[in-house]
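As recorded in TrEMBL:
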- A:48-236: domain 'ABC transmembrane type-1' (DOMAIN)
- A:317-496: domain 'ABC transmembrane type-1' (DOMAIN)
- A:55-76: transmembrane segment (TRANSMEM)
- A:83-106: transmembrane segment (TRANSMEM)
- A:118-137: transmembrane segment (TRANSMEM)
- A:168-192: transmembrane segment (TRANSMEM)
- A:212-232: transmembrane segment (TRANSMEM)
- A:262-280: transmembrane segment (TRANSMEM)
- A:321-348: transmembrane segment (TRANSMEM)
- A:368-392: transmembrane segment (TRANSMEM)
- A:433-458: transmembrane segment (TRANSMEM)
- A:478-500: transmembrane segment (TRANSMEM)
Amino acid sequence: MTALARRAGPVLLLLLLWQLAATATGGQFLLAGPAEVAAWLSDNPGLVGRALSVTLASAAWGFLAGNLAAILLVAAAMLWPPVLGLLTGLALIVFCLPLIATGPILRVMMGPGDGPQVVLAALAVYYTTLIPLLAGLRAVPSAWIDLVACLGRGHLAQLVHVRARAALPYLVAGMQIAAPAAFLGAMVGEFTGAERGMGVLTVRFIRDLNTAALWSLASIAALVSIAVYLGVGAAGRFLRLERPPVILAPPRLPQGSAGRRLGRAVLLAGATLVLWWGGMEALGLNPFFAKRPPDLFAALFLAPDAGATWQALLQAAAQTAVFVLPGYLAGLALGTGLAVALSLVPALSGLVTPLAIALRSVPVVTTAPLVVLLLGQGALGTIALVALMVFFPTFVACQHGLQQAPGQILDILRSHGAGRVPQMRHVRLPAMLPAFFASARMGVPAAILAVTVVEWLATGRGLGNLMTLSASLSDYTMLWLTVVLVTLASVLCHGGVAWIERRVLRLYAPEQVEG
Amino acid sequence: MTFDRMNRRDFLGATAGLAASAGLRAQAAWAQVPVALQLSWLHSVQFAGSYIALDRGWWREAGLEVSLLQGGPNAPVEPPVVAGNALVGISAADYAAAAVAQGAPFRIIGVAMQKNPFVIASLADNPIASPADLPGKRIGMAVSNTPVLQALCSLNGVDIAAVQIVPTQYSAQPLVAGQVDGLLCWETDLPVAMAIQGIEAHTMLMADHGYALQSQTYVATVDSLATRRKELVALMAGEARGWDACRADTDAAAELTVRMFPDAGMDLPTQQLQARRQVPLMFSDLTDAHGFGWWTDETVEENIRILSLLGRTVTRDLWDRSILEDVHAG
């Protein structure tokens, strides 16, 4: 009974705060409270049920396909390590492709139906599974690997018996991050012309000024995400019989001379160009909207209006950068800070975790007007929305990272009477660093994705606006140029985070870098 | 005739009739030519004429199996027509002109919205009744629509620099909440939503102040015009007949729309009001004289002038009336 009360208390508090906020902003068509939401849902159960089943099906197929793709990619890379760099590079590039641009192209290629929704859901999840999984597969006690080698077994045995098992907690973390992302991906996919689903209804109700219906959809999306998050977590606890016993093996970070790094970059760029150009030719995509590399080269360097093209691109990029950098950093700080705070004061978890998932899974289209009203049309609102999108993966990854602290070392500290704070400083934080940096890398495309969506839907500035404007004016050359620019920027920032990671780990956790 | 009085022979006869008509249908289906019409937005009475034509089997009778491809906030409209996935697309004159500038081989073959539906919506206690009221006002709009406001201002001698443009999501919420004084939107969407919520908005139709740009235009490729004339004529004939029926009974058109798409979250009063407000934009003395979708050399000249204000240079070749001439000749 008291346990039930402890769990129900925070939820009731959240509902009360929500109702108060709705009452305070009443008459502005911004926010509907739980009472209105419940009333609307009980009036329209069939409509919501059908929409939910459609979107849930797309999200589930996308979730399955995306996670399977991530697992297969990682397994391939583990069995044949030389392709690891190329595979993760290509995976990153595909993940960075802005969905505002890929959505309509998928629709033209796949025609009416669920295709684009499923693909966008899969694209939204595979990378957030891939990166923790890679971290996890490397986070293996090196003695176990030596044991496998001593027994004369190869990569496959190492993968099946040692690495896969060690990677399980990381896979669970990845899937927990992926669950709301899949749902959002499916909803955004519906914006490309789907007949039914939660995304279609969201667009309808925004125009109809139907606040109760809009927040009902958002509440359902949040509840589904919370349920899946908790379900995946429970499944993970069921599978994970013991905590990681000893200190982590060194993750193999990309090393090598400047020349070799340059070689890798050239190889990746070449493979991308081949896949891009070759893929378009193989699929016979119409050059009206499927621009090839030479089209972009001509627009940038040969066309008479190349100067104007450069100016439009750079101006939009500058407008976006101003928002995305502070938002990204704020999101990282918020996610890490919250994970650390919950680890120090676990009692807060019941209140904070559902709120965190809800904030992440309520679609930006629903929250954007509220945040913009609270924080203004200017920088603050956009930065807050970007931070909101970045903080959740960081929060989840850091929580898992904090739990990776070796139990024996914690026992030693406890036996010396060290409190929670010294435990945090000396053991948990260093143990969290690989997970933190993994989430910082994942956060780069997420932040750029977030800022372009906010620019598209709310502020009408920067690259997100340039993309939608170009698409509506059939200026597909400009659209593809922004795709290349956004992707390139994401990949470079990603590289920058990896560079910082090497230096930080060398200082604070040298055993994870050298060896 | 109640069921228990229906005897066995009647029943058999009815079944045979059903079987015969099924056979006929199968034969007709064999002769059907599949064509797609790419809509520019989510299903709503905005496309009611198409639903009526589909529902009453007018296209089927003409040998067409028409599928209506829904649009959306991030849906491609022009590419499916260029790529041939859709025979006809619904675009506006400015978007069609932009696509042509990018190499799309488009022709406008019909004009559904004779009057441009863009309005400046404002609240009754702070109305924007004419372009002269614009200076000093905060106008909420998608930044991408700046050229539209720019064109309105130059047509009416208003300095656009004196108007404060506020980028907003496409929703009436910022106006209702007092964040802006006016909204650049369609007569048939946000003001309708406000009216249904009990907020009466004042709307200034931009078409009444010189903004004569055609909207909801039907576009097809030059190639289709050369090789698929028969299908184009049949498709447009169904559209014309469907829209005439919609005009005759807008409430019935709204009911059909809501019934055909039960999962689209449409509200009947909203759709009825939208249908009532859009019909006056679609029909004029010109269409009464010549038929649905019509235009003349004068309206083309006017559109070329407005397009040049929007920064688009087009020639008269963009318009091809031959399909409509066939439709309305018979």
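Quick reminder: no glycine exception, Cβ is built from N, Cα and C everywhere.
Of the recorded ranges A:83-106, A:118-137, A:262-280, the transmembrane segment (A:55-76) has the largest number of C-beta contacts under 8 angstroms with A:118-137. Remote same-chain residues near the transmembrane segment (A:262-280) are listed as 85-86, 89-90, 93, 254, 256, 290, 292-293 (criterion: CB distance under 8 Å, separation of at least six residues from the stretch ends).
Counted over residue pairs 6 or more apart, the CB atoms of the transmembrane segment (A:321-348) and the transmembrane segment (A:433-458) come under 8 Å in at least three pairs, which marks the two as touching.
Remote same-chain partners of the transmembrane segment (A:212-232), defined as residues 6 or more beyond its termini with a Cβ less than 8 Å from a stretch Cβ, comprise 31-32, 34, 36-37, 39-41, 44, 48, 51-52, 56, 172, 175-176, 179-180, 183-184, 187, 198, 201-202, 205-206, 354, 357-358, 360-363, 366-367. Outside the transmembrane segment (A:478-500), and at least 6 residues removed from its termini, the chain residues within Cβ reach (under 8 Å) are 89, 92-93, 96-98, 101, 253-254, 291, 295-296, 299-300, 309, 312-313, 316-317, 437, 440-441, 444-445, 448, 452, 463, 466-467, 470-471.
Same-chain residues lying 6 or more positions outside the transmembrane segment (A:118-137) and placing a CB less than 8 Å from one of its CB atoms are 58-59, 61-63, 65-67, 69-71, 73-74, 77-78, 88, 91-92, 94-95, 97, 99, 102-103, 106, 110, 159, 163-164, 166-171, 173-175, 177-178, 181-186, 188-189, 251, 393, 397, 400, 434-435, 438, 441-442, 445.
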